[in-house]
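> This structure is in structure tokens; I'll ask about it shortly.
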Amino acid sequence: MNCSTTVPGLLSGGTRGWVGQSNDRGTLDIVVSSSITIFLCIWTTVCVNVPSPEHGVWAIFRDRWHMFCLGLLGPEFTVLLAIGQYCSARASVRQFKAKYNIWTVKHGFFADMGGIHLQVENLKSFPITSKQLYFLAEHDFIAFPHITTTMINDKNKSDGLTRLIASLQILWFTLSTISRPIKGYATTTLEITTLAYIFCAWASMFFWRCKPMDVQDPIMVPCKVPLAAIVDHHGHSAAGHFHFTPLDFVDRQEWIGSKLWTYYVSLLRRMKIIYVYEKELPARHFSSFNFMPPDKPYVILILMIACSYSAIFLAAWNLHFPTDLERVIWRVCTAGTMGIVVCGGVFEVVGILIELHRRRPFFPDSDSNSEHQPYEIPVLVRSHALVAEPKTRWQLLLQNAQNKTEDKDPYFDIRLRSLLVTTPLCALYCLFRAYIIVADIITLRELPASAFLAIQWSTYIPHI
């Protein structure tokens, strides 16, 4: 359906002077403007981690495509990624400022995204986090690398022109859509959905504003001592099993968000729904889907952002729908999404607060007797195939139910009671979100006539 009309007299002969633009738009105009805005919101926002040294542009594009799909299906998850990584980068600044005042939030992002690799003897280089870098430098296992902000900026492939175009498109779309009810014009559910994507895009842009984009090559840092000396220095066996890198014992943070994400992604991989990548040890890069634990104040902020995102869909509560059944299903899905976000948010907040309460403080008290360690290293016992006790059948079944990772990483164990709560909620959430996306398209078959009237002044803002 397209209501575009031709200005009277243009098809007749002769010439014309200044001709004003017709005050209308077609169905294709609505679809194209909304689709382009959604694409720009997601594609120009996502910041992927540094690929392994053997890979390059293709690995970056693949990660960007995967994150684009995540942003398309659930843009609130990219916001969760951005906030967690931002909190980790800020924490690294507080950790480094006493001895290395050149360290900034941008440095923290760069390290945590796999921008710094440790070179050791008889082993491929592997990425280290900001906390692992501090640990190595503090114990004189490495010389602290002098990485300037200019060096990081040189590796940053952020395209300012693309972001400018995206910002102008977002500004135009937001103003024109908000102005429609003011003028008494009908709005489509697709445009309401696009506003929700815009809201999440601005949040992600803010928290990822210091994260470099599309970095291809990491910075190599040579190690002064053999890796076994580092591990044995802290009472760990160098022959022990690790799940990512040999420095897992320094910094390994998993919280309810990362555990649930890993569980359901591993489940989808077992079902052959998504591609299974061969795991390499030590890991040569950090996954771009690295959900880091947020700080306490930001947990509430995440819940507020998620609720605000879901509330935007409620703006279409009284819009026109082709049938009453479609209107009822839309209301059920939008209200259900809002309810699940609230329930899930409260569940996550409670879980995070419990874990933070049980966790020992990262920095020791002032009266600590530790002279060499600037922070506490958790004492872990690494599993080893030669010493591990065989599990019974019921223990194996329980482990398989609680952990879907291929190598049964114990850090990703989830309590069954948590799965009983989250699994049905996640399934319902996916169904609700899927219907909202489908409804955005099928409701275009029948719209009020005023939905095809354009906001006249918005045509003067540059847009696509």
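Residue positions begin at 1 at the first shown residue.
Keep in mind that glycine also has a Cβ here, set from the backbone N, Cα and C atoms.
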> TrEMBL lists transmembrane segment for one of the ranges 26-45, 126-145; which is that range?
26-45
> Given the ranges 65-87, 433-455, which one is assigned the annotation transmembrane segment in TrEMBL?
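Among 65-87, 433-455, the range TrEMBL annotates as transmembrane segment is 65-87.
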> For the transmembrane segment (65-87), which recorded stretch in the set 26-45, 185-208, 298-317 gives the largest number of Cβ pairs separated by under 8 Å?
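Comparing 26-45, 185-208, 298-317 against the transmembrane segment (65-87), the winner is 185-208.
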